[in-house]
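Positions annotated as domain 'Photolyase/cryptochrome alpha/beta' by TrEMBL: 1-136. Annotation source TrEMBL lists FAD binding site at 246-250, 288-295, 386-388. Annotation comment: TrEMBL describes Trp319, Trp373, Trp396 as site 'Electron transfer via tryptophanyl radical'.
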Amino acid sequence: SIIWFRKGLRLHDNPALLAAAAGADHLCPIFILDPWFLKSDKIGVNRIQFLLESLTDLDASFRARGSRLLVLRGRSEEAPSCQAAASLPGALQEWGVTRLCFEHDTEPYAKRRDVAVRQLAEAAGVEVVAPVSHTLYDPQVLLQRNGGRAPLTMQSFTKLVDGGGCAAGYRCIAAPSWPQAAALVSSSVAVPSLTDIGYPPTGTTPFKGGESAALARMADYLSDKGWVCAFEKPKGNPAAFVRPSTTVLSPYLKFGCLSPRLFHAKLQQIYAERNGMHTQPPVSLRGQLLWREFFTLCGAAIPNFDRMAGNPICKQIPWVDDPERIAAWEHSRTGYPWIDAIMAQLRQQGWMHHLARHSVACFLTRGDLWCSWEAGQAVFDKYLIDADWSLNAANWQWLSASAFFSQYFRVYSPIAFGKQYDKNGDYIRRFLPVLKDMPVRYIYEPWTAPLSVQQAAGCVVGKDYPRPIVDHQAAMKENMARMKAAYGASK
């Protein structure tokens, strides 16, 4: 059997792995590096580093059980395997494979890939097994229960899942060893380094990939049961950077290093101990899992979900294509320290708090710069270690008031919002060191500081740090009028 890892980079609660191992004389765990994705202009080094760390951790888990992970190169439909085969079909034939197992995936690219692979495998007489385990619920079952359509509100989604059955349970693999696979191929299929695949030698994210790190992080945050039961989104501190005010489990869920079903079961266990004395969806920790389910279902069911054109739920808003503004936003040159610090954290760490994401997304689109949410989506997809196709598209539509959310008059201030959480500006000083010596009074608005103060702080606006790219109040007023007109035209 072959167990083909794509997401689902874990041993625990992995039904595809269990299916591959059942009755197999040999188990071949493989991961295929797709060169289309291994381009620095598409995906930043931090996410690739997180992926490689996850693969290394998975390989170590297999080696501890007498096996190993085989990392193949090439497109998934035509995966070269150095000595074993020239392609995946060749590997199936040369290894004598009778069963191919992988986790079901709902993303458009994955659907096309998996249809092609399934056809190749079945033509070779190979059984294909693709169970659902990336989500709590089977998206296809939910769509059938809802008349073939995705629900468009969290309220209707919650009603659907709470009234239509329970989340699946989880299983942990207890087998002490697996049949060896290392003898089938050469050592050239080891997990590569960053430099092996054309990236710089190291990333800058503090978050380490892998199942081991995922389980340790989950245990750490869930050990504080009071915090778990009191968790209430959107509360939390977007400026907390030493210990984030959320779990930062999103990248581990994205890569499948952590099973959402295991996380869900642990939460339900803690909630049961508190006899209902805990927050509820959509604001609770369980609610965050349900948001993930909701947006994944929308992405699976709604055509062209990641773009405005041809997207039936997306408002058709006449955004301006302004590469200079988009580049200034991406590279922390807007002249608004709160916005620029958030984008610096994104580039450096590959992650930021959800309220920080809200701030910069609103600023780029309806709040200030009037640039398309699709441009922001692409930047997030490049830098975020937790970039998830469905969630990224859904959140950008939400925050630009293009879908799901219509209160476009609620705008995040690039000045006042950050002050609510960090009056001293420590977050700005951490991620924008050019402003580290700016007095507290001016840290969010350095252009208002007298020149002598700017010089004393070693940061002269217009020289060492940009002037504001737009006047926030004027831009906000103009953009609200634009949104009102766009909403009127879409009725």
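Using the three backbone atoms N, Cα and C, a Cβ is placed for every residue, glycine included.
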Of the recorded sites Trp319, Trp373, Trp396, the one whose Cα sits nearest to the Cα of Ser250 (FAD binding site) is Trp396
Run through Trp319, Trp373, Trp396 for me and report the recorded sites whose CA is within 10 Å of the CA of Leu289 (FAD binding site), in sequence order.
none
Candidate binding-site residues Trp291, Glu293, Ala387, pick with smallest Cα gap to Trp319 (site 'Electron transfer via tryptophanyl radical'):
Ala387
DSSP three-state assignment for Ala387 (FAD binding site):
coil
Rounded to a whole number of Å, the separation of the Cα atoms of Phe295 (FAD binding site) and Trp396 (site 'Electron transfer via tryptophanyl radical') comes to 11
Which one is closest to Trp396 (site 'Electron transfer via tryptophanyl radical') in space, judged by CA to CA distance, out of the recorded positions Thr246, Trp291, Trp373, Ala387?
Trp373
Across the whole of the domain 'Photolyase/cryptochrome alpha/beta' (1-136), what does the mean pLDDT come to? Round it, please.
86
Would you kindly give the Cα-Cα distance separating Trp373 (site 'Electron transfer via tryptophanyl radical') and Thr246 (FAD binding site), rounded to the nearest Å?
25
Using DSSP three-state counts, the residues of the domain 'Photolyase/cryptochrome alpha/beta' (1-136) come to 49 helix, 25 strand, 62 coil
Does Val248 (FAD binding site) have same-chain partners at least 6 apart in sequence with Cβ under 8 Å from its own Cβ, and which are they?
Phe207, Arg217, Trp351
